[in-house]
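Q: Got a structure for you, written out below as structure tokens; questions coming shortly.
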Amino acid sequence: MTTRTPMIEMRSVSKHFGSVIAISDISMQVYSGEVMCLLGDNGAGKSTLIKTLSGVHQPTHGEMLLDGKPARFKSPAYALDAGIATVFQDLAMVPLMSITRNFFMGREPTVGWGPLKRIDWKYADRVAKEEMAKIGIDVRDPSQPVGTLSGGERQCVAIARAVYFGAKVLILDEPTSALGVKQASVVLRYIAKARADGLAVIFITHNVHHAYPVADAFTLLSRGGSLGSFRKEEVSREEVLNMMAGGAELESLDAELAEFQRDDKAKKANLAGQDTQPADGTSSTEQPSPRAASGY
Amino acid sequence: MNSTETKQSVAPATAPQDERIQRVSFWKKALNRPELGALAGAVLVLAFFIAASSGTGMFTPAGIINFLEVAAQLGIIATAAALLMIGGEFDLSIGSMIGLAGILIAIPAVEYGWPLWAAILLAFACAGLVGWINGNLVNKTGLPSFIVTLGFLFILRGLAIGTSRLLTGRTQVGGVQDHIPGDWFAALFSGEVATGLFSWMAANGWMATNFAGNPTVTGIPVSIVWWLGLTAVATWVLLCTPYGNWIFASGGDANAARNSGVPVHRVKISLFMFTAFSATIFACIQVMDTGSADTIRGLLKELEAIIAVVIGGALLTGGYGSAIGAALGALIFGMVQMGIFYTGVNTDWFQVFLGVMLLVAVLFNNYMRKKAMEAK
């Protein structure tokens with residue numbers, strides 16, 4: 001394992017926004033054919049990390065290596081050219097445009113030359129249909145607007161597009177967060193397929209139950225720092241969950257919950273005590289009393 | 001192995017289903033075209049005026065050319081406004097640009113003895129600059145184009161009046177017609193085409209002639225050629241080129257387009273430049289036609305263009321619409337304006353009709369878009 005070069009590697013990368021340290025000293029390696037799950041609570045620095053990976057931000061300190069070579073991306077376009085495709089939460093899809101138009105947005109296949117250069121719609125429609133069929137979505141008409149697809153299908157179009165355009169590293173930002181159980185499983189299956197095709201996948205989520213089945217490794221983020229990377233063999237689901245929420249916080253939460261439960265029990269006992277006294281008919285005579293009190 | 005097997009078994013099962021869906025989707029597709037409403041509207045208006053204006057000469061060749069010319073002039077700017085609106089922006093400075101461009105053509109040519117082609121090129125250069133500034137302001141500030149171009153509506157109108165008064169002491173400049181003969185560039189914006197064809201048709205008795213033996217229609221005004229040409233080019237660009245895809249993407253969701261590698265800023269700047277150019281084409285044709293420029297020309301044309309575009313099925317929010325729709329919108333506009341004149345209805349009612357038409361079109365478009373999004 002250690003002899004392989006990671007497809008993408010971060011070496012103590014930090015990113016500061018003015019005086020705010022968004023992420024600090026993050027190191028991580030992702031290999032081809034593996035899924036790295038990036039876990040962290042809200043505000044842990046997940047978004048900053050993937051924006052740094054995808055070229056939206058440039059790291060303040062540290063370096064990134066792509067296939068063993070140092071890489072620095074001026075903009076998302078450079079990262080895209082280098083083979084790092086990011087599927088952001090907003091999916092970069094235009095609902096009113098057709099599936100084909102969305103699929104090839106910004107990278108339209110053309111035929112002809114000079115002023116007669118035009119989009120090769122036949123080819124584009126066929127590819128869009130085929131790529132969607134590969135992930136098990138039967139698109140009847142690739143010219144139908146993306147807005148008519150379900151959330152999971154849209155997610156799949158976005159991923160299929162990234163894969164089709166030769167991504168080596170696929171970064172997925174919370175691809176399952178807005179989806180129902182069934183649709184999430186479609187996306188997860190597709191992630192597993194991308195891994196089988198030899199892509200390095202970085203899967204950002206805060207749902208351990210989605211992350212655990214498909215992941216090969218986990219990197220846990222908390223308050224801008226890394227809690228470390230773990231191979232799946234090394235940790236259990238519960239441990240991951242525990243670390244993610246911060247063990248201490250969970251313990252204090254447990255304690256608080258126990259407190260509530262005790263309160264609840266006490267209340268119930270109290271109520272039960274009150275209930276038993278008037279239970280034999282007095283309760284029905286008590287009912288009109290609020291009405292009487294309010295002005296009768 | 002397993003996967004190929006399932007694929008084979010799936011293929012025949014879906015084939016007959018595909019056929020059935022194909023038939024449905026043909027109608028769906030027709031219904032989902034943005035220009036459908038405008039087409040229906042145009043047919044209705046046409047039928048109405050054919051019935052209402054019988055015997056008035058509206059549908060004689062001369063009458064047809066009349067309303068087509070009105071439609072063509074509006075259609076030229078509506079085409080550009082349609083592309084811009086699909087790209088997600090407005091341009092309220094079109095009308096003022098028409099006034100300014102007219103002055104920029106007439107003053108150098110008449111007052112300073114410039115050849116007309118040079119004056120026209122100057123107007124186009126200035127229009128390009130205005131469009132470039134409009135686009136950059138919208139891009140850089142992120143302000144709604146409504147506000148930015150509203151500013152330019154006043155700036156350009158003021159510039160036209162100010163410059164004209166400063167240089168000539170008047171707000172009207174006449175005498176341009178003396179400079180047209182022999183100017184190859186001005187010829188593109190003046191006169192008629194296919195005049196030979198019309199005299200030939202008249203000579204063969206296929207066309208009504210006046211007392212002097214000339215055909216009642218001597219040719220097709222050049223504005224109609226520009227209108228049809230621009231509509232065809234814009235339709236080609238929208239439907240067949242990558243740039244067209246970028247226009248839809250920029251208007252549909254600029255952020256998504258940018259993340260997919262579409263040069264949204266460049267697209268918008270070029271669209272603003274195109275609307276300014278189209279205003280200049282409009283001004284050229286008008287100045288050549290009337291032989292004069294006036295600083296108040298083009299008043300309210302920006303709003304008429306927007307009406308034509310919206311009647312043509314474009315969404316005000318961008319990302320949806322068509323150039324053919326805008327052309328149909330302009331045609332409806334021309335037919336109604338001239339039809340009211342021919343049928344003898346007080347022309348005051350024209351504006352009432354226009355407003356009602358706009359509201360109906362917007363409601364219809366909204367409904368159709370919802371339908372399109374539901375269609376699964």
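Quick reminder: no glycine exception, Cβ is built from N, Cα and C everywhere.
According to TrEMBL, the protein has these features:
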TRANSMEM  B:36-58  transmembrane segment
TRANSMEM  B:64-85  transmembrane segment
TRANSMEM  B:92-110  transmembrane segment
TRANSMEM  B:116-134  transmembrane segment
TRANSMEM  B:146-164  transmembrane segment
TRANSMEM  B:184-203  transmembrane segment
TRANSMEM  B:224-249  transmembrane segment
TRANSMEM  B:269-288  transmembrane segment
TRANSMEM  B:309-337  transmembrane segment
TRANSMEM  B:349-368  transmembrane segment
Q: Is it the case that the transmembrane segment (B:116-134) and the transmembrane segment (B:64-85) touch, counting contact as three or more CB pairs under 8 Å in which the residues of each pair are 6 or more positions apart?
A: no
Q: May I ask whether the transmembrane segment (B:36-58) has at least three C-beta pairs under 8 Å with the transmembrane segment (B:269-288), counting pairs 6 or more apart in sequence?
A: no
Q: Using Cβ atoms only, state whether the transmembrane segment (B:36-58) and the transmembrane segment (B:349-368) have three or more pairs under 8 Å that are 6 or more apart in sequence.
A: yes
Q: Sort out the residues at least 6 away from either end of the transmembrane segment (B:349-368), same chain, that have Cβ-Cβ distances under 8 Å to it, and list them.
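A: Non-local partners: 31-32, 34, 36-38, 41, 307, 310-311, 313-316, 329, 332-333, 336-337, 340.
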Q: Which sequence-distant residues neighbour the transmembrane segment (B:224-249)? Criterion: at least 6 residues beyond either end, Cβ under 8 Å.
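A: For the transmembrane segment (B:224-249), the far contacts come to 65, 68-69, 71-73, 75-76, 79-80, 82-83, 86-87, 189, 193, 256-257, 260, 262-264, 267, 271, 278, 281, 285, 319-320, 322-324, 326-327, 330.
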Q: Using a Cβ-Cβ cut-off of under 8 Å, list the residues of the same chain that are 6+ residues beyond the ends of the transmembrane segment (B:146-164) and lie near it.
A: 90-93, 95-97, 99-100, 102-103, 107, 130, 133-134, 137-138, 170-173, 295, 302
